[in-house]
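What TrEMBL records for this protein:
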type	residues	note
SIGNAL	1-24	signal peptide
DOMAIN	47-261	domain 'GH16'
ACT_SITE	Glu143	active site, nucleophile
ACT_SITE	Glu147	active site, proton donor
Amino acid sequence: MKVNAKKIAVLLSTAALLALSSCSQNVSVVQENEPEETSARSVQTWSLWDGLDYHNTGVFGKADWTNGGMFNCGWKSDHIWFNNGKMTIKLDNTPSYGKPYSSGEYRTHNTFSYGTFETNMMAAKGDGLVTSFFLYTGNPWDEIDVEILGKDTTKVQLNYYVDGVANNEKIINLGFDASKGYHKYAIEYGNGYINWYIDGKWVYGVNNRGFNAPYGKKMPSHPMQIMVNLWPGTGVDSWLNHFWYSGPKYAYYDYIKYTPK
């Protein structure tokens, strides 16, 4: 479904972590070892277009740590590369940070306020996998997700968190296999509302005026980083199915863009 509530995550009790990993609706994308607090990041007010032809170090960073918990991999910078105008994230069985697998996470240095966020991506297929495009604040923890679950790449899971609370999942039938080709996924993030688009078509939305959510429900409201990653789950088989390693898996991204409101 799917980073800097990181410090908070470390303080959680073992019992709380086990409860968290037992259900998809409370899934966290908390990192344990990120060197910089998201709340300290600059807020970018101008548009962004990155064709992912190369690693634009002034805009994006490659993670080199682990989330822990249900994320059964370490993020390694050498598991992200650029070729022929595309970015590839590779998941393989290289042990890292105490985890049996390595993969990649790519994220902006800056945060971004209300606007439209879009990527063109091709997901990895296979039980236990998640390919993601999402927005994340840090502390306080707001988040908006686009996640392709590898167990059924003909669907997408949409979700959002407010102050670390989720339970807002929505599964959408795509009408295509997201692992077979590139498709555009967009999040329109506004004051009191969220809309999701696929290949330019509106597929779902929520707002605080009673549309697909109770009237007055809190919505995300903070500037967020843009993030993408590929990861195998552990302890969440009821959500993702069990991950069995059968060789490297890949997710591909063609561009990432942001248009401010």
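Here the Cβ of each residue, glycine as well, is placed from N, Cα and C on the backbone.
DSSP classifies the residue listed as 'active site, proton donor' as strand under the three-state reduction. Around the Cβ of Glu143 (active site, nucleophile), 27 further Cβ atoms fall within 10 Å across all displayed protein chains.
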